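What TrEMBL records for this protein:
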| type | residues | note |
| --- | --- | --- |
| DOMAIN | 146-257 | domain '3-dehydroquinate synthase N-terminal' |
| DOMAIN | 259-392 | domain '3-dehydroquinate synthase C-terminal' |
Amino acid sequence: MAIVAVSSVIQEPIRVYAHASSSCSSPSTSAACLCRRATSTRPKSTGFFRGSLCRKSNYPRFAIFASSAALTDGVKVEELQINVSGRPYPIYIGRGILDYTEIFKRHIKGKDVLLITNPKVSMLYTDQVVASILGIGGDINVEGVVLRDVERTNLKENVFEVVDKAAEARMDRTATFVGLGGGVVNDLCGFSAAVYGGGVNYIQIPTTLTAQVDVAVADEIGIYHLLDKQSICSYYEPECVIVDTNFLKTLPGKELISGIAEVLKFALVRDGAFLRWLKENMEQLLARDPATTAYAIKRSCEIKAEILSLDKQAGGLRDILSLGRIFGNAIQKSMKPGEWLHGEALAVGIVMTLDLAHRLEWIDDSVLIDAIVAIERAHLPTAPPAHVSKEALLKNLGVPSGGHPLLALPKGPGGHCVVTEAYDRKCFDSMLTFFCLGDRA
């Protein structure tokens, strides 16, 4: 039985104006008014994580292929089977599921576990995770690595720190690495697992909404290089992904809405009905309602998995997942480091993309309005900061004079998207002029 949220229409006034014409001849007009918002371990263990054994219970087996199964006390878990590149793995989604040892029992193959996290998440959730792992029973050894400044670096030094810890503990190829944190931590965990001992199992436990809907479904893991992130990567799937919606209770509000931008992107590229559902249920999503967040995460993962499974290599259908990202990245490059989160810039990039598609007459008012209303209800920005100029955006877009950047653009009814550079440059210029110089009030 699928998790379903009760919809509730939000009644606050939304500043959305349809302009008189969708022609590109009036660069000062736009389709919308865009507001600026702006324990027990094996003998002689060296593990520094300790915890008491969890109470054992008899848990029913999980159903497969996106069905729900009751665990205990009425708590449900949604299980999605993800098969992007030929090696399927499950994503478990639910409230409080981190406490259920049965999940770890199914996916930890050996006796050694290396938990990889960061200081903030470690203080909040390490004891809980370790207790669940030790609840497996037997001679389980849990070691830990707390990576500092990982969000800023994500470099090879972090990988060597993880590998060194595993080697010091004499872990073999039956070990399991567990990533507990945001996207960067889980990428590091996966990459380290791929290279250690020729490859060991790893489990992802994403703690941010962005990681839960994005990193949870991926066929490629990598670490940042100073020049090119994609130059150091590996194709290596996790043993499983555990998405506990309780993590969102401690997630800062700004990071929550940043993750909502990713969810909105998935809806725009593939599912118009999901976009309308998000618009009507945004209040519950912001309130971190468990059923609402579980459904939003589940549907986002389904959409991304479908797209990646249909396109095994970059340069095809999967490029629609870059919707809004090209403009968003250019905006962030035009700002001070850390001034905005990626999701905030992505939201503005999505709005700019929608505005361009509307000027091209590729989408009608309903698609534009649904998206703008959803973005505004999420309290996401809808225009770049005032100090970001058109010249700065063009420079950071890397667009030659008269050229066209390759963009993912919505086209047709909601949930349809194309990747193209075959569009009217005048519309592109008028859109940039409006967002950087025009009257957005």
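Cβ coordinates are placed from backbone N, Cα and C, and glycine is handled just like the others.
Nobody curates TrEMBL annotations by hand; they come from automatic prediction.
Since we're looking at a predicted model, the values are computed, not measured.
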Taking all residues of the domain '3-dehydroquinate synthase N-terminal' (146-257) together, what is their mean pLDDT?
87
DSSP says what for the domain '3-dehydroquinate synthase C-terminal' (259-392): how many helix, strand, coil residues?
97 helix, 0 strand, 37 coil
Count the residues of the domain '3-dehydroquinate synthase N-terminal' (146-257) that DSSP assigns to helix (H, G, I), to strand (E, B) and to coil, and report the three numbers in that order.
48 helix, 22 strand, 42 coil
